[in-house]
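S.K.: I have a structure here, written as structure tokens, and I will follow up with some questions on it.
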Amino acid sequence: MGAVIQTACYSYWQMFVARIIAGIGVGLSTVSVPILQSETLPARNRGAMLVIQSALINAGVAIASWLTFATLFSNSSLQWRVFFSAIVLVLCFFIPETPRWLVSQGRNDEARAVIARLADTAEDDTLVEGQLQEIFDNVKEENLNETSWSDTFHNKSEWHLLRSLAASNMSMRILLTSIHLAPMRNLHRVVLGMGPYMMNQWSGINSITYYLTYTLQNYLGFERNLALILASVSFTQYAILSWPPYFYIDKIGRRWTIMLSSAGCSVCLVIVAACLLEPTDARSATAVAFMFLFTDAFTLGILPVSWSYSSEIQPLSTRNKATSVGVASHWLSNFVVVLVTPIGLDKIGTNYYWIWAGVNALFVPLVFFFGVETAGRSLEMVDQDFIEEPRVLVGLNPRHRKVLRATKEDEEQRFRRSSLTGAEKVDEGTEKVETVS
């Protein structure tokens with residue numbers, strides 16, 4: 001709808017309203033898609049699959065950039081936007097609900113069908129039953145207390161949970177298990193989830209990409225059309241290099257991916273800033289080259305991790321709320337960066353890039369000391385890591401820095417064991433997992 005109104009509008013206020021509508025749509029999709037993917041993808045290659053999302057986003061950015069350049073030379077009202085929106089709308093009807101959400105709503109048969117479809121196996125396979133059992137147990141444990149927005153922003157105490165349990169009629173086995181699950185550390189996980197989203201924007205990527213044409217024209221002396229072509233080439237390169245993380249993000253892990261990327265971004269921006277202190281033709285060319293390399297370094301690490309990490313580390317009970325907080329921090333940071341960049345360039349010129357170089361360098365120790373590795377871990381295993389680790393500086397624990405190399409066979413064995421040892425068998429039918437209040 002936002003695209004249609006933008007295409008047909010003839011006044012400022014029509015465009016303003018259309019942008020708000022489109023922004024709401026983008027906000028909803030950027031919250032729901034990472035959650036949907038994290039809850040339906042296997043641990044062994046979840047990171048690689050999540051890379052596809054950011055790669056397709058960048059492909060869209062590149063296409064839009066070239067189309068914008070092409071339409072500069074046309075006086076007709078080309079309505080190409082509607083076509084792409086229609087494709088997204090049609091494909092939405094083929095996206096399944098996540099098994100975790102279906103189980104939480106008591107739709108166990110549907111959850112079983114989705115798991116079987118994703119695993120490409122029969123619904124009565126023990127692999128399907130085991131995964132469903134693991135999800136069922138996890139949902140039941142996490143729904144011991146009704147969650148609210150306030151629960152998302154504090155680390156719930158063990159005593160509070162025990163007091164609720166005392167009033168329930170649960171078996172001793174579930175009771176003891178739930179006692180260990182008490183410190184879910186929601187606030188800690190919300191802050192960690194916001195980190196990569198904010199790093200995405202505070203890397204300075206949009207101070208480069210949004211204003212690349214402006215910088216090339218006003219600070220480096222490029223002619224307008226050449227500046228536009230270079231910007232489109234940059235976005236094309238951006239899209240192409242979104243794919244390599246598919247092959248290594250689950251092998252070297254989220255932590256090293258984002259630390260190496262941040263270090264690379266910092267080095268590139270140092271060279272850009274140094275070259276622009278006293279620009280010559282050679283230094284200007286070098287600055288442009290390292291602006292492109294900065295975009296490459298960002299795309300190869302910070303970008304894919306930022307869109308996957310938050311939904312991986314949040315507990316099921318607050319995953320939707322916590323992920324929405326992370327996405328909100330991303331877009332608010334985007335707003336601030338885009339707002340202050342023209343002011344920064346106007347006041348301090350190209351020295352502005354020294355700031356971003358320093359911020360990117362700061363990301364490396366922040367991730368090393370505070371980041372939890374999620375590669376190869378199921379969402380349930382990530383929950384257990386937070387329950388067992390009381391420190392905020394979780395990176396000091398070697399176990400939380402380790403990349404697990406999960407295989408399909410390992411996951412199948414774990415799920416088959418779960419189908420035999422589940423705390424409470426999943427019922428056929430539609431009995432909802434009740435919340436204890």
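Every residue, even glycine, has its Cβ placed from backbone N, Cα and C.
Just lifted these from TrEMBL, have a look:
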type	residues	note
COMPBIAS	424-437	compositional bias 'Basic and acidic residues'
DOMAIN	1-375	domain 'Major facilitator superfamily (MFS) profile'
REGION	414-437	region 'Disordered'
TRANSMEM	12-36	transmembrane segment
TRANSMEM	48-72	transmembrane segment
TRANSMEM	78-95	transmembrane segment
TRANSMEM	226-244	transmembrane segment
TRANSMEM	256-277	transmembrane segment
TRANSMEM	289-307	transmembrane segment
TRANSMEM	327-345	transmembrane segment
TRANSMEM	352-372	transmembrane segment
S.K.: Cβ pairs under 8 Å with the transmembrane segment (226-244): which stretch of 48-72, 289-307, 352-372 has the most?
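M.R.: Per the Cβ count, the answer is 48-72.
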S.K.: Using a Cβ cut-off under 8 Å, which residues of the same chain at least 6 positions beyond either end of the transmembrane segment (48-72) come close to it?
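M.R.: Hits for the transmembrane segment (48-72): 33-34, 37-38, 41, 78, 80, 84, 228-229, 231-232, 235-236, 238-239, 242-243, 245-247, 249-250, 299, 303-304, 307-308.
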S.K.: Can you tell me the mean pLDDT for the domain 'Major facilitator superfamily (MFS) profile' (1-375)?
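M.R.: Result for the domain 'Major facilitator superfamily (MFS) profile' (1-375): average pLDDT 79.
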